[in-house]
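Copied over from Swiss-Prot:
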- S2: N-acetylserine (MOD_RES)
- S2: phosphoserine (MOD_RES)
- 2-94: region 'Required for homooligomerization' (REGION)
- 2-104: topological domain 'Cytoplasmic' (TOPO_DOM)
- K5: N6-acetyllysine (MOD_RES)
- Y6: phosphotyrosine (MOD_RES)
- S9: phosphoserine (MOD_RES)
- Y14: phosphotyrosine (MOD_RES)
- Y25: phosphotyrosine (MOD_RES)
- 82-94: region 'Interaction with CAVIN3' (REGION)
- 105-125: intramembrane segment (INTRAMEM)
- 126-178: topological domain 'Cytoplasmic' (TOPO_DOM)
Amino acid sequence: MSGGKYVDSEGHLYTVPIREQGNIYKPNNKAMADEMNEKQVYDAHTKEIDLVNRDPKHLNDDVVKIDFEDVIAEPEGTHSFDGIWKASFTTFTVTKYWFYRLLSALFGIPMALIWGIYFAILSFLHIWAVVPCIKSFLIEIQCISRVYSIYVHTFCDPLFEAIGKIFSNVRINLQKEI
């Protein structure tokens, strides 16, 4: 241990002292998680993406599945030439496919940037503004709820109990006259 350098039991060199359970920068999370049957935390930034199934949560199942048959249909008795129908199908499908790719290439990254900033702002506001305001409100309202509870038990409970006793002896007899 010379020059502010520390060595752990496995021979690794550190610039900060190592505690038995790990330091705050490099805790023994994996070993501790195995012992305590806890989940390991994975970094969201290093997560691999699936290039085949790009909608694993099926967000756009009912919205964007627009095929040729969903847009253009010829009823019985009103058919165009078969060649025209096939060419229309091919034109529609290829145009939709390549125009989507063109729009994605031009606007995909800027839109991802905009939505990333937007959801970062939403997350920031939720974490640093909304939740603390709600917690603060709940703490402050607790005092008011105690005063309100005392008021109800002191004034309202006896009043409504007395009114209930007054009307408890009221009997209604309904008869049907012919």
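Keep in mind that glycine also has a Cβ here, set from the backbone N, Cα and C atoms.
Only residues 6 or more beyond the boundaries of the region 'Interaction with CAVIN3' (82-94), in the same chain, are considered here, and those with a CB under 8 A from a CB of the stretch are 67-68, 71-72, 74. Not one residue of the same chain 6+ positions outside the intramembrane segment (105-125) places its C-beta atom under 8 angstroms from a C-beta of that stretch. Residue counts for the region 'Interaction with CAVIN3' (82-94) under DSSP, split into helix (H, G, I), strand (E, B) and coil, are 13 helix, 0 strand, 0 coil. According to DSSP, the secondary structure content of the topological domain 'Cytoplasmic' (126-178) in residues is 43 helix, 0 strand, 10 coil.
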